[in-house]
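> I am attaching a structure below and will ask some questions about it afterwards.
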Amino acid sequence: MTSFQEVQLQTSNFAHVIFQNVAKSYLPNAHLECHYTLTPYIHPHSKDWVGIFKVGWSTARDYYTFLWSPMPEHYVEGSTVNCVLAFQGYYLPNDDGEFYQFCYVTHKGEIRGASTPFQFRAASPVEELLTMEDEGNSDMLVVTTKAGLLELKIEKTLKEKEELLKLIAVLEKETAQLREQVGRMERELSQEKGRCEQLQAEQKGLLEVSQSLRVENEEFMKRYSDATAKVQQLEEDIVSVTHKAIEKETDLDSLKDKLRKAQHEREQLECQLQTEKDEKELYKVHLKNTEIENTKLVSEIQTLKNLDGNKESMITHFKEEISKLQSCLADKENLYRALLLTTSNKEDTLFLKEQLRKAEEQVQATRQELIFLTKELSDAVNVRDKTMADLHTARLENERVKKQLADTLAELQLHAVKKDQEKTDTLEHELRREVEDLKLRLQMAADHYREKFKECQRLQKQINKLSDQAASTNSVFTKKMGSQQKVNDASINTDPAASTSASAVDVKPAASCAETGFDMSTKDHVCEMTKEIAEKIEKYNKCKQLLQDEKTKCNKYAEELAKMELKWKEQVKIAENVKLELAEVEDNYKVQLAEKEKEINGLASYLENLSREKELTKSLEDQKGRKLEGQSPQQVSRCLNTCSEQNGLLPPLSSAQPVLQYGNPYSAQETRDGADGAFYPDEIQRPPVRVPSWEDNVVCSQPARNLSRPDGLEDPEDSREDENVPIPPDPANQHLRSHGAGFCFDSSFDVHKKCPLCELMFPPNYDQTKFEEHVESHWKVCPMCSEQFPPDYDQQGFERHVQTHFDQNVLNFD
């Protein structure tokens, strides 16, 4: 039958969806629920729908109304699912007497299920009415509706059902309780029988044991009281020991932190000491270099002073000679006029001509000496310019060193402030951490103390309970023994056999049971207490041993800390001594810098005074030269002849050319060093004998740069190369040789300044320092010794010069 139904369901498409509980009629314009079941032969889709069709439909479009079939939740393919749809009343047809049916239509338009036909009819009052007898045993008939009758019946059945369910539950509980009571009674009966047999055998032994247990109980109570006192004492000792251990640990941690800080500070001080030593060596080297430069400047200034002194003496001498020559010229003019008037002898005239020629030659020699003096003066001005440039570089170097010193001091102060701030921060952080640790340890100790206190209270309660139980059992036992004695006396008079059996069954089991229970509980408690006391004694011994170990460790750490403190104090003393030495070095360096500044300022003022005096002497010489040019050579010769005849002051003229007393320090010649100013008179360019004319070209020799290294820093290879290289001729000397005329220096300074490198012209009143800075900007400067090199100097040679400072370990601080 089942196989036939399955085949029929598979073959019939209208049976894939089964509609449940379809009534014969429904009310129009009322809510309608449609219950249907999806069989495993259909796969639901979200576009499937259920429609109400008139019976006799032909296609799926002949529906009256429809609703979308919801997709079932948690649908498993191949399973049966129940679904419900609710049609609203205003979508349903009216009471038209037609038959309708539900149809399930898939999303493809296939009808896969149809219900039984039904109608939409309004309920008539006649059909709904029923007659029934009155429940009050009267002969009256009651007319009611079917719905009301059905509701009454349903209410009655539900009430009866509830009452029956309550009654069934009560009966089930009672039966279960009765069964449990029966089983319990049976078990108790069997247990009581066995217990009576055991207790009868154990009663005699327990009576004796009870006495011994009482004595033992008293002893154990004493022991327990002693043990509790010892436990309290041990707890107090443990708390004190833990506090001491915590204090020692905190002290040890603080000492370790201090030790680490001391080591860190020592390392920092060592690093600072090393850096300060390096700076000290640098300052020493720099001070040496500045002292060398200052000695050179002092020697140059001394030479300039000597030159100025000699030149001043020569200027005074020449002034005297010029005054004497002027007086001689005046006398000779007078004599010449008198001779012309008085004598006409030719011999006298020839003699006078000869004297006049000698006087002219002497005047020419004095003029040449004056020219060379002006040349030497110009050379001195050039030397002054060079010294001013060197002085400017020395000032710049001094300012740079001062700035570096101020920067280093500021950095040291900032570093010290940062170090102090870091120390305070770390100390504050460590103190906070120690406080938190101490709080945590105190909290743990308090918790441990609370636990121990609770445990002691619990043991005290157990002891009190045991003592109460012992007292109660003793009283019960005495009462039972008294009652048993009375029963035994009564049973002797009546029925000895029955009385003995009854007493054995009634009294002995109760007394023996109480005694055995109490004794077993007391034994167990005593064993537990002895175990706890032994454990606490072991803990106390362990804590004592740990405390001893901690004391030994603390002593060791204290000794190590004392040693480290001594070392730290020694390091602090060393650091303070080093700081004092550095402070002394800095003070000495500052004093030396102040002295050097004073010397430089004095030299600058002295050079300014020299330049002013030289300008005055040049202006005086110009005036005197102009006066001499205004007189005729005959008058000069007459004056010289008269002076020579009267005073005999004219020396005989030598045929040798005049020699400079102080050579030109900037002429092109081979010297030992470019800065020493040592010259040889045989190598100086001498002017020709002819009388110089003021119309000749004026040539000013430009001071040449010092291309040699400082003393002690020469490269032997470079010196050998320099010996083979030919010395370039001085352009000023070439100019003199090409003209073949005497050197003449125009003392007037109304000429434009010209840069010797880029040939840029500057006005006469242009600032000398700016002009020197412009000229120096073309030159290469050594970063170590501040030596200057021309712009066309070989780059490799310049690099070799810089490397020589490092090759000879000038800046080696080891």
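Cβ atoms here come from the backbone N, Cα and C positions, even for glycine.
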> Quick one: sort out which of 239-265, 482-508, 644-670, 779-805 is the zinc finger according to Swiss-Prot.
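Residues 779-805 are the ones Swiss-Prot records as zinc finger.
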> Which of the listed residues, Ser46, Ser323, Ser693, has Swiss-Prot annotated as phosphoserine?
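Per Swiss-Prot, phosphoserine applies to Ser693.
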> Among Ser69, Ser632, find the residue to which Swiss-Prot assigns the annotation phosphoserine.
Ser632
> Counting other CB atoms within 10 A of each CB, which of the binding-site residues His801, His805 comes out lowest?
His805
> Give the residue counts of the region 'Oligomerization' (320-420) per reduced DSSP state, in the order helix, strand, coil.
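Split by secondary structure, the region 'Oligomerization' (320-420) comes out as 98 helix, 0 strand, 3 coil.
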> Roughly how many angstrom lie between the C-alpha atoms of Cys782 (Zn(2+) 2 binding site) and Ser619 (phosphoserine)?
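Cys782 (Zn(2+) 2 binding site) to Ser619 (phosphoserine), Cα-Cα distance: 40 Å.
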> Note down the number of other Cβ atoms within 10 Å of the Cβ of Cys785 (Zn(2+) 2 binding site), including every protein chain shown.
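Its Cβ shell of radius 10 Å holds 17 other Cβ atoms.
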> Please tell me which one of the binding-site residues listed here (Cys785, His801, His805) sits closest to Ser225 (phosphoserine), measuring Cα to Cα?
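The answer is His805.
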